[in-house]
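Undergrad: TrEMBL feature annotations, pasted as is:
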- GLY13, ALA14, GLY15, GLN16, MET17, GLY18, ASP36, GLU95, LYS100, SER122, ASN146, LYS277: NAD(+) binding site (BINDING)
- 8-186: domain '3-hydroxyacyl-CoA dehydrogenase NAD binding' (DOMAIN)
- 189-285: domain '3-hydroxyacyl-CoA dehydrogenase C-terminal' (DOMAIN)
- HIS143: site 'Important for catalytic activity' (SITE)
Amino acid sequence: MKIDDVKTIGVVGAGQMGRGIAQVCAAAGWRVLLVDVTEEALKDAIKKIGQAVTKAVEKGALRPDQAGAVLALIRPMRSLEQLVEAQVVIEAVPEDRVMKQEVFAKLGRICDPATILSSNTSSISIASLGVASGRADRVVGIHFMNPVPVMRLVEVVRGVETSERTLTLALELVRRLGKTPVVCKDFPGFIVNRVLIPMINEAIFALEDGVALAESIDLAMVEGANHPVGPLALADRIGLDTVLAICEVLYQDLGDPKFCPCPLLRKYVEAGWLGRKSGRGFYIYDEQPALNAS
Ligand code: NAD
């Protein structure tokens, strides 16, 4: 399959990543089938995409007619079955290996044999998703950064069985989105999270040890290390459940105690303090929490 053959992209999971991926794919002119298991998540996604494109019009980044076109290209739905129409599928369900394998097994049965299946996973093995799908040569990692419409980097992850043609198509797709692809091998955490997550985890250890307040830790890294946002505020933005899940995968799959998740992170997740999306993490947020629970 060539990039010009791609007319419809399926996005599975309409959470903070899925809705951003749907938005940028529609902005590039593709028809998007956006699937989620909950009606609330779909409604919330369409609302937030609407707000994002309105903001883009206000900033002059998008013409009003383009904003309408983006929304018109996105079709929300509850069932995977209609993904039979998609030439490319991008999965963005929670960072849970078993859940993702189940989705890939279903996609393998539903989608056209030529369809390329990809995952936005931050840390889970692309090879294992390939095996679950029954078409490992047509499975690739397409790992967007958060927030998707803003961040330029996309890691394109080559599983051991990913074919050259699949990799090439993924790279062309990323470039058509106006983003910068970086190819990497299928190792836990790929590049960005292997470096970023241990830093966030260490910031949480520093908070737990009482080294400083959350605000001071973040300010220190912004002013002292020139980071655009502090590690604890960033963790809240990523979602503490996602940070914990990535940390667990790094710890288990690389077998190095340096990746062991901080107990405070685990406690916050157990308490339902998931960061911005639940209204509370290392900071408290006024904004209405997004509805992500299945
Ligand atoms: P999220 O919790 O915001 O959204 C996940 C969505 O998937 C929810 O709306 C949920 O209802 C839906 N879902 C659950 N099971 C489903 C199923 N079987 N079929 C369809 N939808 C289903 O999570 P997120 O932050 O968007 O993360 C999604 C993926 O993206 C994860 O693999 C994560 O590691 C990765 N990722 C996250 C970030 C980040 O900063 N949050 C960055 C890069 C990659």
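All positions are counted from 1 along the displayed chain.
Using the three backbone atoms N, Cα and C, a Cβ is placed for every residue, glycine included.
Note that the structure is a prediction, hence the values are computed from the model and not measured.
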Undergrad: Around the Cβ of HIS143 (site 'Important for catalytic activity'), how many other Cβ atoms lie within 10 Å? Please give the count over every shown protein chain.
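TA: I count 25 other Cβ atoms within 10 Å of it.
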Undergrad: When the domain '3-hydroxyacyl-CoA dehydrogenase C-terminal' (189-285) is classified with DSSP, how many of its residues are helical, how many are strand and how many are coil?
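TA: Helix/strand/coil tally for the domain '3-hydroxyacyl-CoA dehydrogenase C-terminal' (189-285): 66 helix, 3 strand, 28 coil.
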Undergrad: Counting across all protein chains present, how many other Cβ atoms fall within 10 Å of the Cβ of GLY15 (NAD(+) binding site)?
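TA: A 10 Å sphere around the Cβ of GLY15 (NAD(+) binding site) contains 21 other Cβ atoms.
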Undergrad: Looking only at GLY13, ALA14, GLY15, GLN16, MET17, GLY18, ASP36, GLU95, LYS100, SER122, ASN146, LYS277, the residues listed as binding NAD(+), what is the longest Cα to Cα distance in Å?
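TA: Comparing all Cα pairs, the maximum is 21 Å.
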Undergrad: If you run the three-state DSSP split on ASP36 (NAD(+) binding site), which class comes out?
TA: coil
Undergrad: Pop the Cα-Cα gap between HIS143 (site 'Important for catalytic activity') and MET17 (NAD(+) binding site) into the table, whole Å please.
TA: 10
Undergrad: Can you list which of the binding-site residues MET17, ASP36, LYS100 have their Cβ under 6 Å from some atom of ligand 1?
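TA: By the Cβ criterion, which requires under 6 Å to ligand 1, the hits are MET17, ASP36.
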Undergrad: List the residues of the same chain that sit at least 6 positions away from GLY13 (NAD(+) binding site) in sequence and have their Cβ under 8 Å from its Cβ, in sequence order, or write 'none'.
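TA: Looking at Cβ-Cβ distances below 8 Å from GLY13 (NAD(+) binding site), excluding near sequence neighbours, one finds VAL35, ASP36, GLU91, ALA92, VAL93, PRO94, ASN120.
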Undergrad: For HIS143 (site 'Important for catalytic activity'), what is the secondary structure state per DSSP, taken as helix, strand or coil?
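TA: HIS143 (site 'Important for catalytic activity') sits in a strand per DSSP.
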